[in-house]
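Colleague: Starting off with a structure, shown below.
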Amino acid sequence: MNKIALYCRPGFEKECAAEITDKAGQKEIYGFARVKDNSGYVLFECYQYEDADRLIREIPFRELIFARQMLVVGELLRDLPPEDRISPIVGMLHGVIERAGELRVEVPDTNESKELLKFCRKFTVPLRNAMRQEKILLIRENVNRPVIHVFFIAPGCCYVGYSYSNNNSPFYMGIPRLKFPSDAPSRSTLKLEEAFHVFIPHDEWEERLASGLYAVDLGACPGGWTYQLVKRSMMVHAVDNGTMSKSLMDTGQVKHHKVDGFKFEPSAKNIYWLVCDMVEKPAKVTQLMVDWLVNGWCREAIFNLKLPMKKRYEEVAHNLQKMHLQLKEGGINAQIQAKHLYHDREEITVHVRRIWSAYAASRNDY
């Protein structure tokens, strides 16, 4: 197996391909990307057989922006016989992997592939049983073992491969399943909720998304992102010249500042979270976030960068590198992650966590 399959949002295959080619080159691993527009996935074929496995071990999945999932696959299995689709799939995995912890039978995130989902769900049970009999799959699911992926791109045609559970997306098809809350003021609320799931480990939610924390939402109206903060019992400064949702204002947890988000400055040093979803040039938003972090006005930030029509990966990489250098020059040690989330469209979501000095600070310092 010398190929890597990367799932992505349809229409962003070129960005996904540019990114994996760049990351592989940094590891001195070379190959070429196969791209089909609006397919929802990219294949990167390595020149050296063993390099595919090395790539999915050594490239941190959390550092990939446009990939929803990353796995090693073999050659495309075509025209699987309807009377026995299982044997060719199991045969692909003999000698490649054993005692895997989970099986996922998946499809690309396209309208055409959605018709295959019903088949995938039915097919998973007999395929799982066959893999367990062959000792390719453990009897019980184990989150610490590799994941087997069977990726159907058309009826009777699939890629078979695996990912490592410590360096992949834990979500089926790489997509968190979130339900839109009926009382939220806009669907944009799902972007921030997904960002929390993707960027913050669940065992740290009680500390980093705790009730009583103070937050600022720049470009808040009507309150989709503020809703997520209020739901977690935070106190929120909502900054926008527009109108906020009455139900959010009625909670008593929101203070509305009718000010331009680029001009607002907090009056106190107790802000933990800064969130921002404003329609503005990426460079301008990036600079605003740098200013907040260097000034010590927040501890963590989640914000969106709107994407240009062309050279989207290059523009994103440039802005993130610029942010990294400016924070470093400002004496700030920070963790930066970016992802093209499922609920993002022509934008990416960035998370920055400022790392404070080595001594333990009290909660009141935030």
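The backbone N, Cα and C atoms fix where each Cβ goes, glycine too.
Found this in Swiss-Prot, in case it helps:
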BINDING   SER188, CYS221, PRO222, GLY223, GLY224, ASP240, ASP260, ASP277  S-adenosyl-L-methionine binding site
ACT_SITE  LYS306  active site, proton acceptor
Colleague: What's the longest C-alpha separation between any two of SER188, CYS221, PRO222, GLY223, GLY224, ASP240, ASP260, ASP277, the listed S-adenosyl-L-methionine-binding residues, in angstrom?
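Modeller: Of all Cα pairs among the recorded S-adenosyl-L-methionine binders, the widest measures 20 Å.
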Colleague: Of SER188, ASP260, ASP277, which binding-site residues are close to LYS306 (active site, proton acceptor), meaning a Cα within 10 Å of its Cα?
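Modeller: Checking Cα-Cα distances against LYS306 (active site, proton acceptor), the binding-site residues within 10 Å turn out to be ASP277.
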Colleague: Using Cβ-Cβ distances, find the residues under 8 Å from GLY223 (S-adenosyl-L-methionine binding site) that belong to the same chain and are at least 6 apart in sequence, listing them in sequence order.
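Modeller: Once residues fewer than 6 apart are set aside, GLY223 (S-adenosyl-L-methionine binding site) is near PRO185, SER186, ASP217, ALA238, MET244, SER245, LEU248, VAL254.
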